[in-house]
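These notes concern the structure reproduced below.
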Amino acid sequence: MAAASTPARSSAHLSQPVRVVLRVRPFLSSEAASATAPCVSLLGCHPGGGVTVQLKDQHTSRSEQYKLDAFFRQEDSVSQIFDQEVRAVIPSIFEGINATVFAYGATGSGKTYTMQGTEDFPGLIPLAASTILALCTGTWCSVEISYYEVYMERCYDLLEPKAKEIMALDDKDGNMQLKGLSWVPVRSMEEFQELYSIGVQRRKVAHTGLNDVSSRSHAVLSLRVSSTDVVKGKLNLIDLAGSEDNKRTLNEGIRLQESSKINQSLFALSNVISALNKNEHRIPYRQSKLTRLLRDSLGGSSRTVMIACLPQTPIEKRNIVEETPGATPLERFNALGSNLKEALVQQYLDLLNVANKEELQQLKGIGARRAEYILELREDSPKPFKTLEDLGNIGLSSKQIRDILKKTATGIFK
Ligand SMILES: Nc1ncnc2c1ncn2[C@@H]1O[C@H](COP(=O)(O)OP(=O)(O)OP(=O)(O)O)[C@@H](O)[C@H]1O
Ligand SMILES: [Mg+2]
């Protein structure tokens with residue numbers, strides 16, 4: 001069945017800084033027991049482009065309508081998404097315009113499946129690589145790839161043995177560059193697949209309560225085109241780590257720390273996209289490593305496609321692409337950001353409940369004495385911190401709590 005989407009795809013690409021499209025994945029066999037009616041359905045396609053979908057919360061039966069640029073149903077293939085959303089940005093790379101395509105969504109929503117794919121169903125990354133390589137055949141153009149992951153705000157080169165850590169340094173113009181990042185020439189799909197599949201194996205993946213193969217890092221695969229040694233443009237294809245609600249993932253220890261970094265950097269990314277689409281003077285690239293690194297490919301003349309991934313399971317509000325009817329893609333992205341803020345606050349409280357003294361001291365607003373006091377409180381009455389108001393019990397004033405709330409959204413965890 002054909003995807004519901006904008007008819008004039010390529011012209012829509014040229015006029016919009018960020019396209020937001022929704023992809024729903026099918027029920028998994030493990031979910032069959034809880035599977036009921038689909039939670040998302042298409043209400044209509046607009047003649048000028050875009051679609052309206054209805055998302056139904058199966059716990060409350062409440063439904064809401066959202067306007068998006070395109071909707072891909074569970075039966076739509078990745079190659080349809082490629083043809084309709086990604087193929088159109090590729091020619092601009094040959095003209096020196098960078099592009100970024102990323103999959104965004106809660107853990108287990110199908111981001112890696114969409115970007116990486118499987119042996120039988122290649123994802124957007126191999127599809128883009130083969131298209132770019134084919135366009136270079138018989139020309140003076142050549143292709144190089146880089147592949148790195150950002151894990152807990154540190155960068156690792158996935159094309160190097162043991163995914164060597166690489167330093168991110170500011171150049172003289174204040175742009176962050178990855179020192180020594182490998183750029184490897186590829187001439188054929190065989191060469192690409194070999195490099196890429198080894199890189200994928202090196203990526204940090206773990207079992208969590210919601211996904212057996214959960215990506216714990218943001219992985220950026222870039223394809224760079226050059227002609228007679230002059231670099232033209234590059235396409236970044238990003239498989240983000242998923243936003244997580246730790247009440248559901250049952251994360252603790254290192255998984256909890258990973259998760260707070262993941263949510264924090266997703267929030268920073270949403271802030272950048274939001275500021276770009278609002279044409280704000282100051283774009284907050286500096287809030288996370290990922291946004292600093294992507295600075296040359298987000299905004300300006302670059303093209304960006306965000307693929308919001310959604311499972312067909314009962315919806316929780318924070319997992320969906322929130323939108324008010326008529327809102328721009330930016331405003332929708334912004335709404336996602338405010339959900340992340342809630343998640344970040346929740347993680348701050350979760351950390352108070354489980355962290356050791358050293359970890360507590362790293363949290364904003366918690367000094368050495370207060371860290372000891374929290375441990376004391378936890379020992380005496382193991383009552384978890386549930387809301388921000390509980391911070392009053394450890395002697396924080398309402399102003400300090402407000403500050404924590406503010407800083408939580410802009411990088412509270414060191
Ligand atoms: N369209 C699809 N069709 C069939 N199975 C799918 C589809 N999308 C995802 N899956 C399956 O759902 C599970 C979760 O998908 P995936 O690992 O891609 O999620 P994710 O969004 O990358 O999660 P995380 O943020 O934890 O990395 C996997 O077992 C995957 O094979
Ligand atoms: Mg993943």
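Backbone N, Cα and C atoms are what each Cβ position is placed from, and that goes for glycine too.
What TrEMBL says about this one:
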| type | residues | note |
| --- | --- | --- |
| DOMAIN | 17-336 | domain 'Kinesin motor' |
| BINDING | Gly105, Ala106, Thr107, Gly108, Ser109, Gly110, Lys111, Thr112 | ATP binding site |
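Listed binding-site residues: Ala106, Gly108, Lys111, Thr112. Those with a CB atom under 6 Å from ligand 1: Gly108, Lys111, Thr112.
Checked against ligand 2, the binding-site residues Gly105, Ala106, Gly108, Gly110 give no residue with a Cβ less than 6 Å away from one of its atoms.
Close to Thr112 (ATP binding site) in the fold, though at least 6 residues off in sequence, lie Ala103, Gly123, Val213, Ser215, Asp239, each with a CB less than 8 Å from its CB.
Taking the mean position of the Cβ atoms of Gly105, Ala106, Thr107, Gly108, Ser109, Gly110, Lys111, Thr112 as the ATP site, the remaining same-chain residues with a Cβ inside 8 Å of that point are Arg25, Ala103, Asn211, Gly242, Cys309, Pro311.
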